[in-house]
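S.K.: For reference, the structure I am asking about is given below.
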Amino acid sequence: MASIEFLTAHFFHIVFLAWGVGGVTIAMLLSIKADKEPDLGPAVMRLMPSISKLIWVGLIGLAVTGIVTTSMGLGKGFFDENLLLIKHILVVLIVIAGLNLTFRLIPKMKALVPKPGAAPSAEFLSVKKQMKITSMASLILWYAVVVLSVAL
C-alpha cells in the first residue's frame, strides 16, 4: 500500500500536470483565435506571459513531484519503468520546446512585430511559423504525457 507521502506527492504531480497541459491548451486556443481575428493579437500577446508562467510552474512542479514520486515508488511495483522512461524523455522535450519558445522565439517575435498598419516582414512571418510548429509540438507532447500518466 502506498504511503500518505507518496499519495500526496502523486496528487500534486497530477495538479501540476493539469496546470501545464491546461496552460498550453489555452495558449494554443488563444493563438488560433488571434490568427482568425487579428484585432485580438495585442490582447492575446498581453495574456501570454501569465499563461506562460502557469505552464512553467506546472512543468517545474511536475518535474519536482515526478522525481519525488519516482524515488518513493520505483521498485515497489507502482510504475512500469519503460513507460516512465518514455514519459521522462517527453518531459525533457517539453522543456527544450519551452526554452526555445521563451528565450528565442518570443523575444525575436516581439522585436519583429510590425508597426500598426504596416505589413509583417518575411522574418516575422517565419518566426511566427516556427512558434506555431513548436507550440503544436509542445501541445502534442503534453497530451502524450497525460496519456502515459494515465497508463502508469
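Glycine is treated like the rest: Cβ placed from N, Cα and C.
According to TrEMBL, the transmembrane segment annotation covers 12-32, 53-73, 85-106, 133-151.
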S.K.: Out of 12-32, 85-106, 133-151, which stretch has the largest tally of CB pairs under 8 angstroms to the transmembrane segment (53-73)?
M.R.: 12-32
S.K.: For the transmembrane segment (133-151), find every same-chain residue at least 6 residues outside the stretch whose CB is under 8 Å from a CB in it, and list them.
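M.R.: Distant Cβ neighbours of the transmembrane segment (133-151) are 14, 17, 20-21, 24-25, 27-28, 31, 80, 83, 86-87, 90-91, 93-94, 97-98, 100-101, 105.
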